[in-house]
Number of protein chains: 2
Amino acid sequence: MTTADRLVESTRELLWERGYVGTSPKAIQRRAGVGQGSMYHHFAGKAELALAAVRATAEDMRAKADAQLSAPGTAYERISAYLLRERDVLRGCPIGRLTQDPDVVSDPGLRQPLDETFAWLRGRLAEVLAEGRARGELAEDLDVTTTAATLVAVLQGGYVLARSAESVEPFQHAVRGVLGLLAAQRRDVSDEERA
Amino acid sequence: MTTADRLVESTRELLWERGYVGTSPKAIQRRAGVGQGSMYHHFAGKAELALAAVRATAEDMRAKADAQLSAPGTAYERISAYLLRERDVLRGCPIGRLTQDPDVVSDPGLRQPLDETFAWLRGRLAEVLAEGRARGELAEDLDVTTTAATLVAVLQGGYVLARSAESVEPFQHAVRGVLGLLAAQRRDVSDEERA
DNA sequence: GTCTATAGATGGATAGAC
DNA sequence: GTCTATCCATCTATAGAC
(Lines of atoms letter the chains of each structure in order from A and count residues from 1; the text may use other names and numbers.)
(Lines give C-alpha, C1' and ligand atoms only; values in the text may rest on other atoms or scores of the structure.)
Protein backbone atom coordinates (compact mmCIF):
# COMPACT_ATOMS: atom_id res chain seq x y z
CA MET A 1 0.00 0.00 0.00
CA THR A 2 1.19 3.46 -0.80
CA THR A 3 1.56 6.14 1.81
CA ALA A 4 -1.56 7.86 0.54
CA ASP A 5 -3.49 4.60 0.75
CA ARG A 6 -2.39 3.98 4.31
CA LEU A 7 -3.49 7.46 5.27
CA VAL A 8 -6.93 6.92 3.77
CA GLU A 9 -7.29 3.54 5.48
CA SER A 10 -6.37 5.00 8.84
CA THR A 11 -8.80 7.83 8.32
CA ARG A 12 -11.57 5.36 7.48
CA GLU A 13 -10.96 3.44 10.69
CA LEU A 14 -10.81 6.55 12.84
CA LEU A 15 -13.91 8.11 11.30
CA TRP A 16 -15.74 4.88 12.05
CA GLU A 17 -14.53 4.71 15.64
CA ARG A 18 -14.50 8.36 16.62
CA GLY A 19 -16.32 10.38 13.98
CA TYR A 20 -15.09 13.51 12.27
CA VAL A 21 -14.73 15.83 15.27
CA GLY A 22 -13.10 13.03 17.23
CA THR A 23 -10.47 12.34 14.59
CA SER A 24 -7.29 14.42 14.55
CA PRO A 25 -4.64 14.61 11.83
CA LYS A 26 -2.07 13.52 14.40
CA ALA A 27 -4.03 10.37 15.20
CA ILE A 28 -4.32 9.57 11.49
CA GLN A 29 -0.58 9.94 11.03
CA ARG A 30 0.21 7.79 14.06
CA ARG A 31 -2.06 4.97 12.93
CA ALA A 32 -0.77 5.12 9.37
CA GLY A 33 2.84 5.30 10.51
CA VAL A 34 3.31 8.44 8.46
CA GLY A 35 4.88 11.71 9.46
CA GLN A 36 3.30 15.15 9.65
CA GLY A 37 4.95 16.59 6.56
CA SER A 38 4.22 13.46 4.58
CA MET A 39 0.50 13.69 5.30
CA TYR A 40 0.28 17.31 4.27
CA HIS A 41 2.24 16.55 1.14
CA HIS A 42 -0.38 14.04 -0.03
CA PHE A 43 -3.50 15.74 1.30
CA ALA A 44 -4.45 19.35 1.85
CA GLY A 45 -5.76 18.58 5.32
CA LYS A 46 -8.25 16.72 7.45
CA ALA A 47 -11.25 17.58 5.31
CA GLU A 48 -9.70 16.29 2.09
CA LEU A 49 -8.62 13.05 3.77
CA ALA A 50 -12.08 12.58 5.21
CA LEU A 51 -13.65 13.02 1.80
CA ALA A 52 -11.45 10.33 0.27
CA ALA A 53 -12.16 8.04 3.22
CA VAL A 54 -15.91 8.54 3.15
CA ARG A 55 -16.11 7.94 -0.59
CA ALA A 56 -14.19 4.68 -0.29
CA THR A 57 -16.31 3.47 2.62
CA ALA A 58 -19.54 4.35 0.84
CA GLU A 59 -18.48 2.42 -2.26
CA ASP A 60 -17.57 -0.60 -0.13
CA MET A 61 -20.91 -0.54 1.58
CA ARG A 62 -22.85 -0.43 -1.68
CA ALA A 63 -20.81 -3.29 -3.11
CA LYS A 64 -21.39 -5.49 -0.07
CA ALA A 65 -25.12 -4.83 -0.02
CA ASP A 66 -25.44 -5.48 -3.73
CA ALA A 67 -23.72 -8.84 -3.35
CA GLN A 68 -26.54 -10.03 -1.08
CA LEU A 69 -29.38 -8.32 -2.86
CA SER A 70 -28.43 -9.47 -6.34
CA ALA A 71 -27.95 -13.11 -5.34
CA PRO A 72 -30.41 -15.74 -6.53
CA GLY A 73 -33.54 -16.49 -4.50
CA THR A 74 -36.91 -15.01 -3.71
CA ALA A 75 -37.23 -11.39 -2.65
CA TYR A 76 -37.80 -12.44 0.94
CA GLU A 77 -34.76 -14.71 0.89
CA ARG A 78 -32.47 -12.05 -0.48
CA ILE A 79 -33.68 -9.38 1.93
CA SER A 80 -33.46 -11.84 4.77
CA ALA A 81 -29.89 -12.73 3.80
CA TYR A 82 -28.96 -9.06 3.65
CA LEU A 83 -30.47 -8.23 7.04
CA LEU A 84 -29.04 -11.31 8.72
CA ARG A 85 -25.57 -11.23 7.23
CA GLU A 86 -22.71 -11.09 9.67
CA ARG A 87 -22.08 -7.60 10.93
CA ASP A 88 -19.84 -6.02 13.49
CA VAL A 89 -22.94 -4.69 15.19
CA LEU A 90 -21.36 -2.94 18.16
CA ARG A 91 -19.05 -0.94 15.90
CA GLY A 92 -22.10 0.44 14.14
CA CYS A 93 -22.38 1.59 10.55
CA PRO A 94 -19.38 3.56 9.27
CA ILE A 95 -21.67 5.65 7.08
CA GLY A 96 -24.67 6.06 9.36
CA ARG A 97 -22.36 7.10 12.14
CA LEU A 98 -21.27 10.19 10.27
CA THR A 99 -24.80 11.54 9.93
CA GLN A 100 -24.58 12.52 13.60
CA ASP A 101 -21.64 14.77 12.96
CA PRO A 102 -22.72 18.35 12.29
CA ASP A 103 -19.43 19.18 10.58
CA VAL A 104 -20.09 16.33 8.14
CA VAL A 105 -23.72 16.98 7.24
CA SER A 106 -23.13 20.72 6.95
CA ASP A 107 -20.44 20.09 4.33
CA PRO A 108 -22.16 19.28 1.01
CA GLY A 109 -19.15 17.36 -0.28
CA LEU A 110 -18.98 15.13 2.76
CA ARG A 111 -22.73 14.63 3.05
CA GLN A 112 -23.21 13.66 -0.59
CA PRO A 113 -21.69 10.15 -0.35
CA LEU A 114 -23.86 9.43 2.70
CA ASP A 115 -26.98 10.60 0.93
CA GLU A 116 -26.15 8.67 -2.24
CA THR A 117 -25.43 5.48 -0.34
CA PHE A 118 -28.69 5.43 1.56
CA ALA A 119 -30.70 6.58 -1.43
CA TRP A 120 -29.16 3.79 -3.51
CA LEU A 121 -29.81 1.22 -0.80
CA ARG A 122 -33.44 2.22 -0.41
CA GLY A 123 -33.87 2.12 -4.15
CA ARG A 124 -32.23 -1.29 -4.48
CA LEU A 125 -34.38 -2.76 -1.71
CA ALA A 126 -37.47 -1.29 -3.33
CA GLU A 127 -36.51 -2.97 -6.60
CA VAL A 128 -36.12 -6.33 -4.90
CA LEU A 129 -39.48 -5.91 -3.18
CA ALA A 130 -41.10 -4.86 -6.45
CA GLU A 131 -39.70 -7.94 -8.18
CA GLY A 132 -41.13 -10.14 -5.44
CA ARG A 133 -44.46 -8.42 -5.71
CA ALA A 134 -44.52 -8.77 -9.50
CA ARG A 135 -43.76 -12.50 -9.20
CA GLY A 136 -46.60 -12.94 -6.75
CA GLU A 137 -44.24 -13.74 -3.88
CA LEU A 138 -45.34 -10.66 -1.96
CA ALA A 139 -48.72 -9.04 -1.33
CA GLU A 140 -50.01 -6.99 -4.24
CA ASP A 141 -50.68 -3.96 -2.08
CA LEU A 142 -47.27 -3.86 -0.41
CA ASP A 143 -45.80 -0.35 -0.57
CA VAL A 144 -42.29 -1.07 -1.75
CA THR A 145 -40.90 2.45 -1.33
CA THR A 146 -41.87 2.94 2.29
CA THR A 147 -41.07 -0.65 3.18
CA ALA A 148 -37.58 -0.27 1.72
CA ALA A 149 -37.02 2.81 3.88
CA THR A 150 -38.23 0.84 6.89
CA LEU A 151 -35.73 -1.94 6.24
CA VAL A 152 -32.78 0.44 6.05
CA ALA A 153 -33.98 2.30 9.12
CA VAL A 154 -34.25 -0.92 11.12
CA LEU A 155 -30.59 -1.66 10.46
CA GLN A 156 -29.44 1.84 11.30
CA GLY A 157 -31.63 2.04 14.38
CA GLY A 158 -30.61 -1.45 15.39
CA TYR A 159 -27.01 -0.27 15.64
CA VAL A 160 -28.11 2.58 17.89
CA LEU A 161 -29.98 0.23 20.23
CA ALA A 162 -27.11 -2.24 20.31
CA ARG A 163 -24.57 0.40 21.23
CA SER A 164 -26.76 1.80 23.99
CA ALA A 165 -27.14 -1.70 25.44
CA GLU A 166 -23.56 -2.75 24.69
CA SER A 167 -25.15 -5.91 23.31
CA VAL A 168 -26.16 -7.21 19.92
CA GLU A 169 -29.48 -8.44 21.27
CA PRO A 170 -31.66 -5.42 20.49
CA PHE A 171 -30.22 -5.30 16.97
CA GLN A 172 -31.14 -8.93 16.41
CA HIS A 173 -34.60 -8.36 17.85
CA ALA A 174 -35.21 -5.39 15.59
CA VAL A 175 -34.15 -7.37 12.52
CA ARG A 176 -36.16 -10.43 13.44
CA GLY A 177 -39.14 -8.23 14.20
CA VAL A 178 -39.21 -6.60 10.80
CA LEU A 179 -38.59 -9.93 9.07
CA GLY A 180 -41.57 -11.32 10.94
CA LEU A 181 -43.73 -8.47 9.72
CA LEU A 182 -42.44 -8.88 6.18
CA ALA A 183 -43.04 -12.63 6.27
CA ALA A 184 -46.74 -11.89 6.69
CA GLN A 185 -46.62 -10.21 3.28
CA ARG A 186 -45.54 -13.41 1.53
CA ARG A 187 -47.96 -15.13 -0.82
CA ASP A 188 -47.99 -18.59 -2.34
CA VAL A 189 -46.64 -18.86 -5.86
CA SER A 190 -48.47 -21.55 -7.84
CA ASP A 191 -46.52 -23.96 -10.05
CA GLU A 192 -47.92 -22.51 -13.25
CA GLU A 193 -46.96 -18.98 -12.26
CA ARG A 194 -43.50 -20.17 -11.42
CA ALA A 195 -43.09 -21.77 -14.81
CA MET B 1 -33.58 29.37 36.54
CA THR B 2 -30.58 28.99 38.72
CA THR B 3 -27.05 29.15 37.38
CA ALA B 4 -26.69 25.38 37.71
CA ASP B 5 -29.94 24.87 35.80
CA ARG B 6 -28.83 27.13 33.00
CA LEU B 7 -25.57 25.21 32.73
CA VAL B 8 -27.41 21.90 32.48
CA GLU B 9 -29.80 23.28 29.87
CA SER B 10 -26.96 24.58 27.74
CA THR B 11 -25.18 21.26 28.05
CA ARG B 12 -28.31 19.43 26.93
CA GLU B 13 -28.60 21.60 23.84
CA LEU B 14 -24.93 21.27 22.94
CA LEU B 15 -24.83 17.51 23.47
CA TRP B 16 -27.79 17.24 21.14
CA GLU B 17 -26.23 19.44 18.48
CA ARG B 18 -22.58 18.48 18.70
CA GLY B 19 -22.24 15.36 20.85
CA TYR B 20 -19.89 14.86 23.77
CA VAL B 21 -16.54 15.28 22.01
CA GLY B 22 -17.89 18.28 20.13
CA THR B 23 -19.01 20.07 23.26
CA SER B 24 -16.50 22.16 25.19
CA PRO B 25 -16.85 23.64 28.68
CA LYS B 26 -16.22 27.05 27.16
CA ALA B 27 -19.13 26.65 24.75
CA ILE B 28 -21.38 25.58 27.61
CA GLN B 29 -20.42 28.63 29.63
CA ARG B 30 -20.95 30.98 26.71
CA ARG B 31 -24.41 29.60 25.94
CA ALA B 32 -25.44 29.67 29.57
CA GLY B 33 -24.04 33.15 30.11
CA VAL B 34 -21.96 31.87 32.99
CA GLY B 35 -18.29 32.42 33.72
CA GLN B 36 -15.51 29.86 33.89
CA GLY B 37 -15.10 29.90 37.66
CA SER B 38 -18.82 29.75 38.18
CA MET B 39 -19.17 26.60 36.14
CA TYR B 40 -16.40 24.81 37.99
CA HIS B 41 -17.90 25.90 41.27
CA HIS B 42 -21.18 24.12 40.50
CA PHE B 43 -19.82 21.13 38.59
CA ALA B 44 -16.59 19.17 38.79
CA GLY B 45 -16.17 19.32 35.00
CA LYS B 46 -17.51 18.40 31.64
CA ALA B 47 -18.27 14.79 32.54
CA GLU B 48 -20.36 15.67 35.57
CA LEU B 49 -22.34 18.25 33.61
CA ALA B 50 -22.93 15.78 30.82
CA LEU B 51 -24.24 13.22 33.26
CA ALA B 52 -26.77 15.67 34.69
CA ALA B 53 -27.76 16.71 31.16
CA VAL B 54 -28.16 13.17 29.85
CA ARG B 55 -30.25 12.10 32.84
CA ALA B 56 -32.61 15.03 32.39
CA THR B 57 -32.97 14.43 28.66
CA ALA B 58 -33.60 10.72 29.17
CA GLU B 59 -36.32 11.42 31.71
CA ASP B 60 -37.96 13.90 29.35
CA MET B 61 -37.93 11.41 26.53
CA ARG B 62 -39.57 8.70 28.60
CA ALA B 63 -42.26 11.10 29.84
CA LYS B 64 -43.12 12.23 26.32
CA ALA B 65 -43.31 8.69 24.97
CA ASP B 66 -45.44 7.54 27.86
CA ALA B 67 -47.91 10.34 27.22
CA GLN B 68 -48.67 8.93 23.77
CA LEU B 69 -48.46 5.27 24.67
CA SER B 70 -50.70 5.49 27.73
CA ALA B 71 -53.41 7.48 25.98
CA PRO B 72 -56.79 5.86 25.24
CA GLY B 73 -57.28 3.94 21.99
CA THR B 74 -56.38 0.65 20.39
CA ALA B 75 -52.80 -0.59 20.42
CA TYR B 76 -52.41 0.35 16.77
CA GLU B 77 -53.81 3.83 17.36
CA ARG B 78 -51.49 4.52 20.27
CA ILE B 79 -48.41 3.24 18.47
CA SER B 80 -49.40 5.12 15.37
CA ALA B 81 -49.83 8.32 17.39
CA TYR B 82 -46.42 7.81 18.98
CA LEU B 83 -44.64 7.19 15.69
CA LEU B 84 -46.39 10.02 13.90
CA ARG B 85 -46.17 12.64 16.61
CA GLU B 86 -44.47 15.88 15.70
CA ARG B 87 -40.69 15.58 15.88
CA ASP B 88 -37.78 17.79 15.05
CA VAL B 89 -36.59 15.07 12.70
CA LEU B 90 -33.49 16.75 11.28
CA ARG B 91 -32.14 17.46 14.76
CA GLY B 92 -32.26 13.73 15.46
CA CYS B 93 -32.75 12.02 18.80
CA PRO B 94 -30.87 13.62 21.70
CA ILE B 95 -30.38 10.21 23.30
CA GLY B 96 -29.73 8.06 20.24
CA ARG B 97 -27.18 10.58 19.04
CA LEU B 98 -24.97 9.93 22.02
CA THR B 99 -24.66 6.22 21.29
CA GLN B 100 -22.28 7.16 18.47
CA ASP B 101 -19.90 8.81 20.89
CA PRO B 102 -17.20 6.38 22.09
CA ASP B 103 -16.45 8.53 25.15
CA VAL B 104 -20.11 8.21 26.15
CA VAL B 105 -20.68 4.49 25.67
CA SER B 106 -17.34 3.63 27.26
CA ASP B 107 -18.38 5.46 30.42
CA PRO B 108 -20.80 3.24 32.35
CA GLY B 109 -22.38 6.20 34.13
CA LEU B 110 -23.11 8.02 30.91
CA ARG B 111 -24.25 4.96 28.99
CA GLN B 112 -26.67 3.79 31.67
CA PRO B 113 -29.37 6.43 31.04
CA LEU B 114 -29.25 5.66 27.31
CA ASP B 115 -29.60 1.95 27.94
CA GLU B 116 -32.41 2.43 30.46
CA THR B 117 -34.32 4.73 28.15
CA PHE B 118 -34.30 2.41 25.17
CA ALA B 119 -34.92 -0.66 27.31
CA TRP B 120 -37.90 1.07 28.90
CA LEU B 121 -39.24 2.18 25.53
CA ARG B 122 -38.98 -1.29 24.01
CA GLY B 123 -40.69 -2.74 27.07
CA ARG B 124 -43.48 -0.19 27.01
CA LEU B 125 -44.14 -0.77 23.31
CA ALA B 126 -44.13 -4.51 23.89
CA GLU B 127 -46.76 -4.02 26.62
CA VAL B 128 -48.98 -2.01 24.31
CA LEU B 129 -48.62 -4.63 21.57
CA ALA B 130 -49.35 -7.42 24.08
CA GLU B 131 -52.50 -5.59 25.21
CA GLY B 132 -53.64 -5.29 21.63
CA ARG B 133 -52.95 -8.95 21.03
CA ALA B 134 -54.80 -9.98 24.19
CA ARG B 135 -57.82 -7.92 23.13
CA GLY B 136 -57.84 -9.58 19.74
CA GLU B 137 -56.90 -6.36 17.97
CA LEU B 138 -53.62 -7.85 16.75
CA ALA B 139 -52.65 -11.23 15.34
CA GLU B 140 -52.27 -13.95 17.94
CA ASP B 141 -48.83 -14.96 16.70
CA LEU B 142 -47.36 -11.46 16.66
CA ASP B 143 -43.99 -11.44 18.41
CA VAL B 144 -44.34 -8.40 20.65
CA THR B 145 -40.74 -8.27 21.88
CA THR B 146 -39.05 -8.23 18.50
CA THR B 147 -41.73 -6.00 16.99
CA ALA B 148 -41.23 -3.47 19.77
CA ALA B 149 -37.48 -3.41 19.04
CA THR B 150 -38.29 -2.91 15.36
CA LEU B 151 -40.48 0.09 16.11
CA VAL B 152 -37.81 1.83 18.17
CA ALA B 153 -35.17 1.01 15.57
CA VAL B 154 -37.30 2.49 12.78
CA LEU B 155 -37.43 5.81 14.61
CA GLN B 156 -33.72 5.86 15.38
CA GLY B 157 -32.79 4.75 11.89
CA GLY B 158 -35.27 7.18 10.39
CA TYR B 159 -33.35 10.04 11.96
CA VAL B 160 -30.14 8.73 10.41
CA LEU B 161 -31.69 8.58 6.94
CA ALA B 162 -33.24 12.01 7.31
CA ARG B 163 -29.97 13.63 8.33
CA SER B 164 -28.09 12.01 5.45
CA ALA B 165 -30.70 13.32 3.01
CA GLU B 166 -31.16 16.64 4.80
CA SER B 167 -34.87 15.94 4.41
CA VAL B 168 -37.63 14.50 6.58
CA GLU B 169 -38.88 12.35 3.70
CA PRO B 170 -36.97 9.12 4.38
CA PHE B 171 -37.96 9.32 8.04
CA GLN B 172 -41.62 9.60 7.09
CA HIS B 173 -41.29 6.77 4.61
CA ALA B 174 -39.69 4.51 7.20
CA VAL B 175 -42.45 5.23 9.71
CA ARG B 176 -45.23 4.80 7.20
CA GLY B 177 -43.62 1.60 5.99
CA VAL B 178 -43.55 -0.04 9.38
CA LEU B 179 -47.07 1.16 10.15
CA GLY B 180 -48.20 -0.45 6.91
CA LEU B 181 -46.63 -3.74 7.94
CA LEU B 182 -48.12 -3.48 11.41
CA ALA B 183 -51.55 -2.68 9.98
CA ALA B 184 -51.53 -6.12 8.34
CA GLN B 185 -51.38 -7.60 11.83
CA ARG B 186 -54.71 -6.05 12.85
CA ARG B 187 -57.71 -8.29 13.39
CA ASP B 188 -61.42 -7.58 13.67
CA VAL B 189 -62.79 -7.34 17.17
CA SER B 190 -66.37 -8.60 17.33
CA ASP B 191 -69.00 -6.71 19.29
CA GLU B 192 -69.32 -9.40 21.92
CA GLU B 193 -65.55 -9.50 22.49
CA ARG B 194 -65.55 -5.76 22.83
CA ALA B 195 -68.30 -5.85 25.46
C1' DG C 1 -20.39 32.37 44.20
C1' DT C 2 -18.03 34.69 40.51
C1' DC C 3 -13.96 36.70 38.30
C1' DT C 4 -9.34 36.71 36.07
C1' DA C 5 -4.98 34.49 35.38
C1' DT C 6 -2.52 30.75 34.24
C1' DA C 7 -1.24 26.09 32.71
C1' DG C 8 -0.12 21.93 29.99
C1' DA C 9 -1.96 19.34 26.25
C1' DT C 10 -3.92 18.88 21.83
C1' DG C 11 -5.78 20.54 17.30
C1' DG C 12 -4.84 21.78 12.69
C1' DA C 13 -1.75 23.65 9.79
C1' DT C 14 2.57 26.05 7.69
C1' DA C 15 7.72 26.65 6.76
C1' DG C 16 11.71 25.23 5.34
C1' DA C 17 15.63 21.90 5.66
C1' DC C 18 17.06 17.61 3.60
C1' DG D 1 8.57 12.93 -0.49
C1' DT D 2 9.67 13.09 4.28
C1' DC D 3 11.44 15.32 8.51
C1' DT D 4 11.67 18.73 12.25
C1' DA D 5 10.51 23.13 13.96
C1' DT D 6 7.21 26.42 14.80
C1' DC D 7 2.63 28.72 15.14
C1' DC D 8 -1.72 30.19 17.03
C1' DA D 9 -6.10 28.70 18.73
C1' DT D 10 -8.73 25.77 21.58
C1' DC D 11 -9.45 22.26 25.28
C1' DT D 12 -9.99 21.27 30.06
C1' DA D 13 -8.90 22.40 34.31
C1' DT D 14 -6.68 24.69 38.52
C1' DA D 15 -5.38 28.79 41.47
C1' DG D 16 -6.32 32.42 43.87
C1' DA D 17 -8.24 37.20 44.22
C1' DC D 18 -12.61 39.46 45.23
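Glycine too: its Cβ is placed from the backbone N, Cα and C atoms.
Taking the DNA-binding region (A:24-43) as a whole, pLDDT averages 98 in the prediction. Residues annotated as DNA-binding region in TrEMBL: A:24-43.
According to TrEMBL, the domain 'HTH tetR-type' annotation covers A:1-61.
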Six or more residues beyond either end and a Cβ under 8 Å away: which residues meet both conditions relative to the DNA-binding region (A:24-43)? 3-4, 6-7, 9-11, 13-14, 18, 49, 52
